[in-house]
Amino acid sequence: MEPGEIHALLGENGAGKSTLMNVLYGLYQPDEGEILVDGKPLKLRGPSDAIAAGIGMVHQHFMLVPVFTVTENIMLGAEQVRGGIAGFLDRRRARREVAEVSERYNLRVDPDAVIEDLPVGIQQRVEIVKALTRDVDLLILDEPTAVLTPQETEELLTVMRSLKAAGKSIVFITHKLGEVKAIADRITVIRRGKTVGTASPEASRDELAALMVGRTVRLTVDKAPATPGEPVLELANLVVDDDRQVRAVDGVDLTVRAGEVLGVAGVQGNGQTELIEAIMGLRPVLAGTITLDGQRIDGWSTKKVLRAGVGYVPEDRSVDGLVKEFTVAENLVLDVYDRPPFGRGLSLRPDEIGRAARERIEQFDVRTSSAEAPVGTLSGGNQQKVIVARELSRPLKLFIAAQPTRGVDVGSIEFIHSRVVHERDAGTAVLVVSSELDEVIGLADRIAVMYRGRIIGVVGPDTPREEIGLLMAGITPDQQGGSPDVGSAAEAGPTATVDSDPAATTDADAVSGTGTPATTDRDVAATTDGVAPAAEGPGSEDEKNR
Amino acid sequence: MSDPNSAQPGSPDKEPASEEQAGRTALGNTERAEAATTPGGPGPRPTLGRLFLENLWAANTFTVTLLSLVLAMVVGAVLMIISDPEVLATYGYITARPSDAINASWTLVSEAYANLFKGSVFDPAATTVNAALSPISETLTYTAPLVFTGLSVALAFRGGLFNIGAQGQATMGIILAALAGFLLPLPPGLHLLVAVLAGALGGAIWGFIPGILKARTGAHEVINTIMLNYIAVYFLTWLIVQNGVQDPSRTDAISRPVDASAQLPRLFGDGLRAHAGIILAVLATWAVAWLLNRSTLGFELRAVGANPDAARTAGISVTRTYVLVMVFAGALAGLGGSQMVLGTTAAALTPLVVAQIGFDGILVALLGRVKPWGVALAALLFGALQAGGNRMQSYSGISLELVTVLQALIVIFIAAPALVKAIFQLRAARTARLQTSLAKGW
């Protein structure tokens, strides 16, 4: 690592990126080898040693106390006491320090805000400020963008650039190729605990992806043209609220036909989750209708919807999809346990469950020690395969998959995609919701773009990514006027802020991209944008909307 | 290094330590034999010892339970010595004549624990069949209701609910069972059946209330079951002195006795207290085990207990499951309660007729690791401690409360496997899982 460098550490899930960085931060002890800082070997016994050596880390899951204020969180672990008297915290000094650091690096945070009220992106900023107040020279960011919206991601990249300008070094851990190309000065690829190569950011996505998984990977999905049949799912004027009673789905009309994949694209948090939960009977429908195969299903219980021939892969597999303490076999029958042949009357039939489980494990290539292993011991990709196997093991009319490949390794992604296409070819209507634009483009026969609870456009899969990207940012083609070249518009003048946001959105979403020329272009554009410090403006897309 | 003795703790207390050492050496021998038959890895000598140590000291459930028992008895021994003025006096001149202190302590502790054993398992001095069976009979009498309340807590726990209300549910069970027992003029057999079912019904109602409150309003079951405990106890106190309930020939708070036709039959003849309740308890254990592991309802229950979100997404009605779990748990506690008045412990309602079976049920459930057969064994242990404690009190003059202290200590050690591990320097294996298994549900 050189001073003032952004070094990206790229690798698949479980490649050992986080472990390496935890060693560097002193959380784990190395079995062999040594760490050199400024040419001197360093022995780290814990995070405090690392901080003393000028190494700071922002974890994937934030280490913040939700009910404390920003200042309190930052002083935590390095509390200053007033006048040297133990027990009296010097909040004022800590507050001043926070304000000073956030001022110096242009990281706007309110020192008195309570953490739990802040959006994730700002919480992350608090973590960065926390590291900076400890006077670190090397900052480790562990998968910082995994939890961020595309806008927040772009803001983070700007922050990283300004830190770099201030002479700090950054290790940036990720498996998203787009971000790496946008920001890194140097890229190290790790596979199965070994460094397999160093690349420059000019390397193409395909090259990087191949380095990451160790073979050439098809990021596109092979499929024949769809043969759409009768409408299976019809949504008419659907209105749904989210958990905070805020309107999340605001009058959606949508049709999914048998034998086609309808992809719903959109930045996360635009109502996709609520839309699907409403279809599944997990969330009350406030207005409008849901029709499955000519039958109204709004107001039905989840069990009844599942029984009617709907398969559902929920967005968050560890929360909604699996019972981690249960065995693989039990999870494979989680929603059919009470139907023959697995259950008869009140009693379960473990032999049938076990037999079916072994079959599915074989068929869906689930890597597990046995059908009786707790599902929590499996890797993310294999857990996801368990869910997909469960849902695709019964005759379906409609298959709904939300973020089917989130946090899944590339090999499993390919497999899951091929099963989805296979299901489509069997005549099932498929609804795929994903915030990965490439996934939607690759899988879907039609793409519906969702923005602020509405479907603002339905387009074909060969629509240029830019157009879909703009739709995802809420900009429909007619509003866009006659400026198709967003990149140049962004640099044009004082109104540039308006256009740079959608560009950023598209870029951040195209994370595991196909490497089309258009995408590469925008990566460059985004980088150029960010260097100009004025290209920031939260909520600025509003004016374009009206 | 590989010598098993190196892992022996230096116990501050001489006598129980030697006892405990003997016990563990005995245990060690069998383990060693097992270890010897297992094909060893490279380097036989250290491997054998290590294998043995690993087998024994791996912090598995059984070892931790056993060691918790031992630890509790060690602490109990210290308490006995401290609370006996005569023995304590010998420690005043321990430097002059240490043998006095050691002998006195040994006599006290060994006799107390011998009586505990004789009162609960077998008395070698027994001459008649009745006398020989008596300790077992007593143990079973105390065990039966605890099995039910333990199962009640365990079942709710597996469904993700912490049922502190077994006491209240047992109280309502006792009330309805007793009322059915002396108010309904029914033929024998049917009368008993109705009384037992009435007990289950009383508990089920008292479980349904927190269940429906949890399902509909999200009100926390811990708070509500505790509150319902109070209501049940004071309802009982009020009910006993009402006309038609109170025994007309008595002025104190005691109800009419339950008709003979509604009493559980005795198992070993009239001289011994063991009654059919223990058979019901075994049946209930089997039924709960089947319900949990082999039924669709149990599948739902476990899924809701482990991950309510995933259960809901899979189409399982979480609210319905919560209500059902509490109704079943309440019915089990109610059945346990009904035995206190339909069995041989008492035949009439008094304010204290429920004893502590509900609260002990929580301990039994935790000790049994919320598994049905584990609960049954834990209840047996607690029943034995109760039965033996009676004899210990009358023969050794050690107060019965010591038994309660022992029970509490056992559960504390079980709930803190890390503590047991630290004391006996067990391997860390699996302790983490134990801790979370007991910490969940709050």
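Note that Cβ sites are derived from N, Cα and C of the backbone, with glycine treated the same way.
Positions annotated as region 'Disordered' by TrEMBL: B:1-45.
The annotation transmembrane segment is assigned in TrEMBL to B:57-82 (among others).
The feature transmembrane segment is assigned by TrEMBL to B:164-184 (among others).
Marked as transmembrane segment by TrEMBL: B:190-209 (among others). Proximity of distant same-chain residues to the transmembrane segment (B:190-209), defined by a Cβ-Cβ separation under 8 Å and at least 6 residues beyond the stretch ends, is recorded for 152, 163, 165, 168-181, 184, 224, 228, 232, 258-259, 261-264, 280, 323, 326-339, 342.
According to TrEMBL, the transmembrane segment annotation covers B:221-241 (among others). Long-range contacts of the transmembrane segment (B:221-241) within its own chain (CB-CB distance under 8 A, at least 6 residues past either end) are made by residues 156, 161-165, 167-169, 171-172, 174-175, 206, 209-211, 213-214, 253-255, 326, 349-351, 353-354, 358, 442.
Same-chain residues lying 6 or more positions outside the transmembrane segment (B:274-292) and placing a CB less than 8 Å from one of its CB atoms are 136-138, 140-141, 143-145, 147-148, 151, 154-155, 158, 196, 263-268, 298, 301-302, 328, 332, 335, 339, 342-344, 371-373, 375-376, 379. Residues or ranges marked as transmembrane segment in TrEMBL: B:274-292 (among others).
Annotation comment: TrEMBL describes B:322-342 (among others) as transmembrane segment.
According to TrEMBL, the transmembrane segment annotation covers B:348-366 (among others). Beyond the transmembrane segment (B:348-366), the same-chain residues lying 6 or more positions past its ends with a Cβ under 8 Å from any Cβ of the stretch are 145-154, 157, 163-171, 174-175, 178, 229, 233, 236-237, 239-240, 245, 247, 253-258, 333, 336-337, 340-341, 375, 378-379, 382, 407-408, 411, 414-415, 438.
Taken from TrEMBL, the feature transmembrane segment applies to B:373-390 (among others). Long-range Cβ contacts of the transmembrane segment (B:373-390) within its own chain (Cβ-Cβ under 8 Å, at least 6 residues beyond either end) map to 69, 115-121, 135, 138-144, 146-147, 150-151, 154, 281-282, 285, 289, 360, 363-365, 367, 400, 402-403, 406-407.
Sequence annotations record features per position, and here TrEMBL assigns transmembrane segment to B:402-424 (among others).
Remote same-chain residues near the transmembrane segment (B:164-184) are listed as 145, 148-149, 152-153, 191, 194-196, 198-207, 210, 221-222, 224-226, 228-233, 235-236, 239, 244-245, 255-259, 262-263, 329-330, 333-338, 340-342, 348-349, 353-354, 356-359, 361-362 (criterion: CB distance under 8 Å, separation of at least six residues from the stretch ends).
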